[in-house]
Amino acid sequence: MSHSIPPDIRCAQDYEALAPRHLAAPTFAYVAGGSGHDLTVAANRAAFGQWHIVPRLLRDVGTGNTRITLAGEDYAHPLFLAPVAFHKLVHGAGEIDTARAAHAVDACMITSTLASCTLEDVARAGGPQRWFQLYFQPQREATLDLLRRAEAAGYGAIVVTLDAPIQVASRGALALDFRLPPECVAASLAPYPAAAPAQLADGESRIFQGVMRSAPTWDDLAWLLAQARVPVWVKGVLHPDDATALRSAGVAGIVVSNHGGRSLDGAPASLDALPAIRAALGPDFPLLFDGGIRSGADIFKALALGASAAAVGRLQLYALSVAGALGVAHMMKLLLEELEVCMALAGCATVDQITASALQAKRTPC
Ligand code: FNR
């Protein structure tokens with residue numbers, strides 16, 4: 001396990017290129033892969049290539065900064081760590097090291113329900129700004145207990161993920177016979193009984209009457225909102241009508257995301273879904289974005305198209321596998337510096353000044 005930064009890392013995406021040297025092939029396939037035919041994974045990346053950033057001249061950005069205020073909270077910059085399961089898959093210390101890195105670079109880490117360290121241990125290791133990602137559990141008592149534990153551990157917001165009620169396997173990982181190693185368990189879920197497998201009658205569907213019968217509904221979200229003592233965000237929004245309905249239901253913010261292309265294959269790129277959702281919600285509603293970010297320019301484009309802040313998923317596992325906490329902190333620093341370069345050259349002194357007018361759609365050949 002390496003704890004130094006390899007000299008050939010010059011940008012955040014280099015961690016992606018180096019990760020296969022630090023991970024077994026099935027593990028890399030599991031992390032990198034998406035669902036189905038990887039259409040949405042590819043779309044997420046391709047969407048950023050459809051935009052140019054237009055340089056602006058002679059603007060005074062000498063007092064510039066990347067600070068943002070999101071749902072009433074101040075953050076040093078608009079780069080978050082998206083919830084990602086099982087960090088021990090790629091590094092022995094797991095989420096503890098990611099949390100240390102997040103603290104070092106003043107980033108808000110969103111800890112997954114499926115973290116391989118307990119939410120309490122991650123909270124102790126990390127900085128003051130932390131959110132908890134919640135998956136509804138089969139029993140309401142377990143969901144409520146997780147919520148109360150997250151609140152007690154000082155998580156400032158709950159992000160409930162609603163776009164993945166069915167786990168769709170990655171074909172690449174299946175082909176290489178990927179399995180979670182025994183040390184990779186969802187540590188925070190240890191106290192709760194496992195869900196009993198659905199009993200299906202003849203002719204009933206494994207999906208509809210099986211998995212989806214216990215999937216959360218609007219009633220479950222209303223219940224959660226009534227229980228929570230911290231702001232609740234919803235992750236996995238791609239349709240403007242869902243976005244406005246969620247705002248009406250009382251969520252504090254939404255995460256425009258397609259789960260990194262790991263849920264509904266064929267779903268639009270997160271970046272392509274973003275402008276219509278921002279338009280539907282108006283300029284001020286808190287909106288986090290993820291899906292395909294690999295550079296500071298990508299963050300800039302997401303902010304320009306309506307995101308209040310952006311998050312990286314896979315990059316944190318790649319950096320963690322290559323150089324532990326140091327790698328994650330370094331990867332985040334590289335992204336943030338690239339963002340600052342983009343802002344400076346595009347004449348944006350603050351994140352508020354990054355608007356759609358900073359972008360130009362690439363001309364498609366006739
Ligand atoms: C995820 N993601 C995810 N999301 C979530 O809400 N809860 C989770 O436990 C996980 N677990 C998870 C594991 C792995 C290996 C990956 C790659 C992703 C999705 C994640 O939060 C985010 O939406 C995407 O990763 C963003 O896309 P990029 O940055 O990976 O391209």
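Here, residue 1 is simply the first one shown, and the rest follow in order.
Heads up, the Cβ atoms here are built off N, Cα and C, so glycines get one too.
Nobody curates TrEMBL annotations by hand; they come from automatic prediction.
TYR30 is the only one of TYR15, TYR30 that TrEMBL places in the glyoxylate site (with TYR135, HIS259, ARG262). Here TYR30 (glyoxylate binding site) is positioned 18 angstrom away from ARG294 (FMN binding site), judged by their C-alpha atoms. Under DSSP, ASP290 (FMN binding site) is assigned to a strand (E or B) in the three-state scheme.
Around PRO83 (FMN binding site), taking its Cβ as the centre, 26 other Cβ atoms fall within 10 Å, counting all chains. Taking the Cα atom of each, HIS259 (active site, proton acceptor) and ASP290 (FMN binding site) are about 8 angstrom apart. In the three-state DSSP reading, TYR30 (glyoxylate binding site) counts as helix.
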